[in-house]
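Here the structure is laid out as structure tokens; the discussion comes afterwards.
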Amino acid sequence: MIHWLKQLRSAFGVAFLWLVCLIYFTQGFRSFVWTAVSYQLKDRLQLSPSASQFVFSVAFFPWSIKPLYGIISDCIPIGGKKRTPYLVISTVLSLVPWLVLGLDSTSRSSSLYLMIFLTVQNLGSAMADVVIDAMIAEAVRLEKASFAGDLQSVSWFAMAVGGVCGSLLGGYALSNLKIETIFLLFTVLPALQLLSCALVEESPANNEPLPELLDSNEFEEKSLTSNDNYPDTSKSNTRRRKGQKKGKKGDSNGKSETQKKQSKSLASQWFQSLKAATFGLGRAFKQPIILRPMAWFFIAHITVPNLSTVMFYYQTEVLQLDAAFLGTARVVGWLGLMFGTFIYNRYLQDMTLRKSLLFAHIGLSVTILLDMVLVSRANVGYGVSDKTMVLFGSALGDAINQLKFMPFLILSGRLCPPGIEGTLFALFMSINNLGNTVGSFMGAGLASLLGISSGSFDNMFMGLAIQVFCTYIPVLFLFLIPKEATGVSAS
């Protein structure tokens, strides 16, 4: 273990490894502060379950457009650098909203202001996630490709540790601290992340379009370059002739025009780079072997209404479960997630993705049935406590969700064509996040339609029954997944 860490330090440097671990730890530790947000919406603002779910859906939308951040950072350098300036910007966007919400009572007492600040905060977090992923990809490519898996393992481990710590401390903090204090405490991590950005050195980037996308746009680039060269040459000849007549005045005008030309050329390069990246990404995504599986994963999210926020209200209001216990339940969920990852990697990689996804959806329906048992109070008749049901359901639900998510990760990674893996993978993750967002909107709409609100959960059982039925809708579209694809092969 120590030897392995020394190898990573030698390959990537302490500063880079520290930044990677800190960013991913912060991503996991977000459960510490977002639990407080849930209680702020429920207890302080007294929003209904559907209204709270709507706020969360809007606030997490920035995670659905991650490729946009990647393309911009790839194509438009700031100060000659493509990564660290954007990492600084994203960290500031992550830091400032929590400071404002912690210090200003008006901002956290208005659902609109709170939603805006939470959206800005998620914009910063999503951008930081994209930038650090790009930095990892570049570091692996420039240093040692053999450490690619190791670096990913370090990042996932850091996020898991952050998730466990955030869930444990979040429940304790809510029982002993004010919500605004929790917001302020969380700012320590983004502030530390901001300082850590100064430790990482980045080489100046050239201002040329993305090399991996140039091949697919070679003809357009050549034609644009040739068309631009002719007027530029004639203009420079004209300036030289005028300069011979006008002397020093002509020289100064020539310098001014040269500077304008260079600025225009730089802007043109940025535009062409953005254009190449966008069109290259679009062409790759439109290939049936990529489009069809991604369509299935999107359908799998939007056809199943997400009632997690409604269940949170039910657990706190009807079952009277406190914040400390719910934090423990989230820790158990993280352990279930890691267990699901182990089970898939150890036993299910050779299973076809169609079969593993079918079993995953059957398992998801079972977890919803457990919620139905909890809502019907049938567990009490058999001597099973509510806390036992919640803990078991949390572990099982997160494990099964991970069994469903692992095929998505594997298929996404294997379908990405060489050269644009990072940006296309970010697009895949954005589709997954967008599907989650739409599913949350669907859940909010279902709760509103059934009249489920704070203090009124009479139709909760009906909502869960509808959710169980919807869980099997994506099974009808499994033909979109490659028939023989497994965790080892995507073909």
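Note that Cβ sites are derived from N, Cα and C of the backbone, with glycine treated the same way.
Here is what Swiss-Prot records for this protein:
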COMPBIAS  224-236  compositional bias 'Polar residues'
COMPBIAS  237-248  compositional bias 'Basic residues'
COMPBIAS  249-260  compositional bias 'Basic and acidic residues'
REGION    222-262  region 'Disordered'
TRANSMEM  14-34  transmembrane segment
TRANSMEM  52-72  transmembrane segment
TRANSMEM  84-104  transmembrane segment
TRANSMEM  112-132  transmembrane segment
TRANSMEM  154-174  transmembrane segment
TRANSMEM  179-199  transmembrane segment
TRANSMEM  294-314  transmembrane segment
TRANSMEM  323-343  transmembrane segment
TRANSMEM  356-376  transmembrane segment
TRANSMEM  389-411  transmembrane segment
TRANSMEM  437-457  transmembrane segment
TRANSMEM  461-481  transmembrane segment
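Outside the transmembrane segment (179-199) by six or more residues, the chain places 15, 18-19, 22-23, 25-26, 29, 32-33, 36, 39-40, 44, 84, 87-88, 91-92, 94-95, 98-99, 101-103, 105, 108, 124, 128, 170, 173 with a CB less than 8 A from a CB of the stretch. Residues of the same chain lying 6 or more positions beyond the ends of the transmembrane segment (52-72) and with a Cβ under 8 Å from any Cβ of it are 38, 41-42, 86, 90, 111, 114-115, 118-119, 121-123, 125-127, 129-131, 134, 274, 277-278, 281, 306, 308-310, 313, 422-423, 426-427, 429-430, 433-434, 436-437, 440-441, 443-444, 447.
Two recorded stretches are said to be in contact when at least 3 C-beta pairs lie under 8 angstroms, sequence spacing 6 or more; the transmembrane segment (389-411) and the transmembrane segment (154-174) fall short of this definition. Only sequence-distant pairs (6 or more apart) were considered; of these, at least three Cβ pairs between the transmembrane segment (461-481) and the transmembrane segment (294-314) are under 8 A, so the stretches are in contact. Outside the transmembrane segment (294-314) by six or more residues, the chain places 38, 42, 49-50, 52-53, 56, 285, 326, 357, 361, 364, 371, 375, 404, 408, 412, 428, 431-432, 434-436, 438-440, 442-447, 452, 454, 457, 460, 463-464, 466-467, 470-471, 473-474, 477-478, 480-481 with a CB less than 8 A from a CB of the stretch.
With respect to Cβ pairs under 8 Å, the transmembrane segment (14-34) is most closely packed against 154-174, considering the stretches 112-132, 154-174, 323-343, 356-376. Listed as Cβ neighbours of the transmembrane segment (154-174) (distance under 8 Å, sequence separation of 6 or more from its ends, same chain) are residues 8, 17, 20-22, 24-33, 35-36, 39, 136, 181-182, 185, 322-328, 330-331, 333-335, 337-338.
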